[in-house]
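Worksheet: one structure, shown below.
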Amino acid sequence: MVKQTIQIFGRIKPTKKTTAVYSVDNEERIGASLEFVVPRDLADGFVNNKRECYKFRFQKVFDQAVKQDEIFENIVKPVADSVLAGFNGTIFAYGQTGSGKTFTITGGAEHYSDRGIIPRTLSYLYECFSQDSTMLYTTHISYLEIYNEMGYDLLDSRHEASRLEDLPRVTIMEDPDQNIHLKNLSLQQSANEEEALNLLFLGDTNRMIAETPMNQASTRSHCIFTVHLCRREPGSATLRRSKLHLVDLAGSDRVSKTGLNGQLLTEAKYINLSLHYLEQVIIALSEKNRSHIPYRNSMLTSVLRDSLGGNCMTTMIATMAVDKRNLDESISTCRFAQRVALIKNEAILNEELDPNLLIARLKREIASLKEELAMVTGEQREDQLTVEEIQRLEELLKAFLDDPDPGVTLSLGPDMRKIQYCFSLLKIMILDKQGGGNKCIAESPAATAREEVIEESHHIASEVTKLKEMLTQRNNEISILVKMLKKEKKRAQDAAAQFANTTNGQSLASQNALRLSSMSLLSENSTDTISASHGGRAMQYMKRGPQLSMGKQEAFETFTRDHEDYLTIDDNKNLIKQRSAEAKKLWEQQNEARNRINELKKQLEMRRRQMAAHGVMGNSTEAEDEVDSVEENLRKHIEQEKKAYKSTIDHLKALRTEIEHLQLLLERAKVKLQRDFHRWWTQEASSVQEPRSEASARCHTGSPGGNLQPSSPSTPALGAPGLSSTVRDYPADRDPNPDCSTSSVHNLRDLSTTKLSSSSIPLTGDQQTDADILAFVRARQNLLNRTDPPQQ
């Protein structure tokens, strides 16, 4: 058992704005200190008793220039080592909105060096697994989100959710021992680092994120990423189970300061309420004489019951924004951290018996009890004794009779067959001594039964041998036939494919050319940079979206060029290509080093043979000394090449990890880009609605030129290739007025030189087609106005 208080660390978010007056001192003996200086306001008068200096103590305070790797080495690595040893661990980040909690826990999406605590911890754990070959490790991962006091499973593989409400609900169950169990929370097994990162990306894709006045990408929920670890030694009856909680708490908002409303206001209420209950639990735990701890007030405190005052080694990271406008919130966060530092946890080594070995022991005990019960009840078994059992019984009986000790016992177990057989042997011996001799033994039923058993066992053994030989022969014949069938099937498939290529070559080429000309930026990037083997379930999530039409595709391309993540996607793509090129060069160097090592080994073997030949011929010792020096040089060269080969392999592993992480970041940015576009497109389409009666009346007027007004030179033109293609590709059998559609096509060709209003657009009369036309025109006009505003 390890008793210790919760470790608290502080991290200050980098900022370019005017900061408050603060100082960080990490040189103190008992820890580090963070001091804020708040100057008094002269508007409050000369008599002002407000505090000017606020000083708080931490284990260590990380200033603005500290990188992610230093955070991992100082905070996370000791907790991860304790989890590997068999203790439970928790790391949670607390702070206001926009103070850097999610960046610290999950990491940034721009650069590989911005990886957060979760991906670095997964890399460290699997690296330790590969280095420790004396233990067997099994890893499972769960990802829980608490949104508006409702739990959701972010890793459920049975649901393909496009909304948070579609995910399975997680409920809390409590057993009589007050242990918490989460119903409907799935545990996904991960065999390597790549599978674990894919699960992390899948969960982050389903998280609830919204834009607030304090943060453009604010997480509106509490998220708990848990790694369940099982460790056992091969052949041992005990195993150790531990779990590591990595918690990203939602940030608190001051509604009077941020001015939230609508759904954001509701989310802020639930977030502040759950954080208030968390603070109540902290205060109750810090008081010595408190008998009741209100864990059940919220779902967050119920899930973190072990982490707060229980069987866990807990660490808190207080994130602070030191802007002047956020100074009060930073001081409040530090006060909360000081209360957390008073809580003491008792971490226990989670060691238990292996359930499989326990089940085997219980089965043996059940079999023994059944034998004793059969002996007491007098039940007789029907199967006969084997030859080995008979020989063992004869040896035991002979040893019993030869032992001069009168107190010795004959232990046969609770088997009536063995007891009866031993009695029959004793009867034979007594009759033999009485004068029956060998004749009596030969004619006794026990000896006859023994001979029959021996004969039958030999016969059965010979039959089994013959059957095994026959089975092996049939298996060989079946494998030969299967190979022949596979070859014939492959030949038939090749012939069919060749015939299809010769007949349909031209049509396939034209179709591929059209398909490549209309491919979007998103699909182009994904096919260039990400292979199907590394996408996992995250790639399946990206393939769910509907295909874009021609007009919507053109709007998507313009939206993509103006999006804030466009440069990030391009940079990550170039960086992946660069790292792939480096990995290819290292792979070539690795092959060259392997070839050089093999060549040097051949030379060394040749030198040894020559040295052996010189020894047989009886040459002088000078020649032997010369050969020994050459052999020593070859050994040195081999050792150098092995070191270079090992360093190349290590570099390749690091590059592979970096490329996988960059691919995940690229997928995440693409999913965000696609979501933003669909959200924006839906808003624009809903804002443009025309009654069907006005559309049909306007269409039946038949004046294509009367509704158009000439555009001024400074007005950006509305290009209509996507719109005209939409009308041109629309089926004629769905158009209630073909003549009107023909006139509309002629009018829409002049959209590039005219300015349209929502009431002057020529329509087809079909409600679905008219809605698509109006949505496209409105969206394109907004995009052009944003990129090139008209001059007055």
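Just so it is clear, glycine is given a Cβ too, placed from its N, Cα and C backbone atoms.
Which of 27-54, 111-138, 475-502 counts as coiled coil depends on TrEMBL, and there it is 475-502.
If you draw a 10 Å sphere around the CB of Gly98 (ATP binding site), it holds 22 other CB atoms from the protein chains shown. Annotation for Gly100 (ATP binding site): same-chain Cβ neighbours under 8 Å, separated by at least 6 residues, are Arg11, Lys13, Thr319, Ala321. Taking all protein chains in view, 28 other C-beta atoms sit within 10 angstroms of the C-beta of Ser99 (ATP binding site). Neighbour count (other Cβ atoms within 10 Å of the Cβ, all protein chains): 25 for Thr102 (ATP binding site).
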